[in-house]
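See below for the structure under consideration.
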């Protein structure tokens with residue numbers, strides 16, 4: 001079930017949200033221009049994941065945050081400038097990590113094929129390869145390539161599009177519907193976070209101080225609440 005859930009996560013990210021700014025995605029987009037691109041990215045990613053097991057969750061989350069704003073176009077990788085505050089500096093993205101590793105992986109590709117492979121494809125492939133290496137060490141899903149990098153990144157768009165961890169179910173359903181995603185997609189993508197770490201301040205009040213009187217949220221399953 002864990003393997004199936006991870007595959008569904010990435011089918012959703014790549015298959016629906018990822019088409020927004022991807023143009024005509026296809027298998028082996030770089031076969032002629034940079035034949036070893038995917039192998040370079042895979043090897044570089046696996047090398048880094050082997051020494052840092054937190055990267056799969058970080059890359060998957062970064063890719064999700066990228067795709068939910070303007071599509072999978074690497075706009076989340078762009079830095080703020082004097083005249084513009086980028087997505088990266090929006091509150092929901094301040095806890096993203098691994099940007100330096102993505103830069104390193106991109107640099108490995110640039111050594112062999114300068115100015116050919118998009119950062120958006122590097123992030124998409126690195127997310128797949130990192131998760132796959134942790135779970136099975138073989139690719140868990142196919143990644144079509146050919147994404148184009150965005151030159152636009154606005155904090156306002158990140159704040160307007162990224163789902164809030166404090167949103168209720170109705171709001172989240174609408175957030176995902178705005179991207180052409182259904183309730184199953186919502187559950188699968190939310191479940192993808194389980195390969196990482198949950199931040200206690202996002203849910204601890206439901207366990208210890210739900211109404212301000214040191215009580216527990218009665219809607220939680222009692223056995224699960226005790227486990228948490």
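In case you wondered, yes, glycine gets a Cβ from its N, Cα and C as well.
If you look up TrEMBL, you'll see 66, 69, 71, 73, 75, 87 marked as Ca(2+) 1 binding site. Contacts of residue 75 (Ca(2+) 1 binding site) defined by a Cβ separation under 8 A and a same-chain sequence distance of 6+ are given as 66, 69, 86, 87, 150, 152, 153, in order along the sequence.
Long-range neighbours of residue 163 (substrate binding site) (same chain, six or more residues apart, CB within less than 8 Å of its CB): 68, 172, 175, 176. Here TrEMBL flags 163 as substrate binding site.
Residues or ranges marked as Ca(2+) 2 binding site by TrEMBL: 194.
If you draw a 10 Å sphere around the CB of residue 34 (disulfide bond), it holds 16 other CB atoms from the protein chains shown. According to TrEMBL, the feature disulfide bond maps to 34-113 (among others).
Neighbours of residue 72 (disulfide bond), defined as other CB atoms within 10 A of its CB across all chains, total 30. Taken from TrEMBL, the feature disulfide bond covers 67-72 (among others).
Taking the domain 'Plant heme peroxidase family profile' (24-228) as a whole, pLDDT averages 93 in the prediction. TrEMBL lists 24-228 with the feature domain 'Plant heme peroxidase family profile'.
For 1-22, the entry in TrEMBL reads signal peptide.
The feature site 'Transition state stabilizer' is assigned by TrEMBL to 61.
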Candidate nearest residue 67 (disulfide bond) in space, where candidates are the recorded positions 34, 61, 73, 113 and distance is Cα-Cα: 73
Cβ packing number for residue 71 (Ca(2+) 1 binding site), 10 Å threshold: 21
Residue 73 (Ca(2+) 1 binding site) and residue 113 (disulfide bond), Cα-Cα, nearest whole angstrom: 19
